[in-house]
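Per TrEMBL, disulfide bond is recorded for Cys82-Cys108, Cys96-Cys123. Look at TrEMBL and you will find 32-76, 77-125 tagged as domain 'Fibronectin type-II'. The signal peptide annotation in TrEMBL covers 1-19.
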Amino acid sequence: MRSPVGWLSLALCLHGLKSDLIFRIPRPFSVFSNYSCIFPFVYDDIVYYSCVSVRSDYAWCSIDEMFQGRWRYCTAKDPPSCTFPFLYRNKYFFKCTKEGYVLSRSWCSLTRDYNKDGKWKQCSPYHL
């Protein structure tokens, strides 16, 4: 296929097949884009503290504490929130801390008790 017409025909054919395949695959759930993500949420008996890509090519979150089929795609505005105060090594923290982080960066717990749950995220450098 040296001619551009041949390549164009092939591309259109493949594009048509792809469109047909996508059209026939049903969406597994409805999308609720105007709702806020709920963290943590439970999906398939697993607790999630941030957006996930389970059974999806894109990160999503539940809009219910116990997933009930209501979800939406995540955006940059959807990271989980820090929980304050949180307990870490028998001390309560009321803001992000650098304590215990090897790279001397600020972090916070996603739950009230980091010692028990071990769920955390890095804080923005502008918050500490």
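In case you wondered, yes, glycine gets a Cβ from its N, Cα and C as well.
Curation plays no part in TrEMBL annotations; they are all automatic predictions.
The two recorded residues, Cys96 (disulfide bond) and Cys108 (disulfide bond), show a Cα separation of 5 Å. Sequence-distant neighbours of Cys82 (disulfide bond) (same chain, 6+ residues apart, CB-CB distance under 8 A): Cys96, Cys108, Ser109, Leu110, Lys121, Cys123. The average per-residue pLDDT of the prediction over the domain 'Fibronectin type-II' (77-125) is 91, rounded to a whole number. Under DSSP, residues within the domain 'Fibronectin type-II' (32-76) fall into helix, strand and coil as 0 helix, 15 strand, 30 coil. Ranking the disulfide-bonded residues Cys96, Cys108, Cys123 by other CB atoms within 10 A of the CB puts Cys123 at the bottom.
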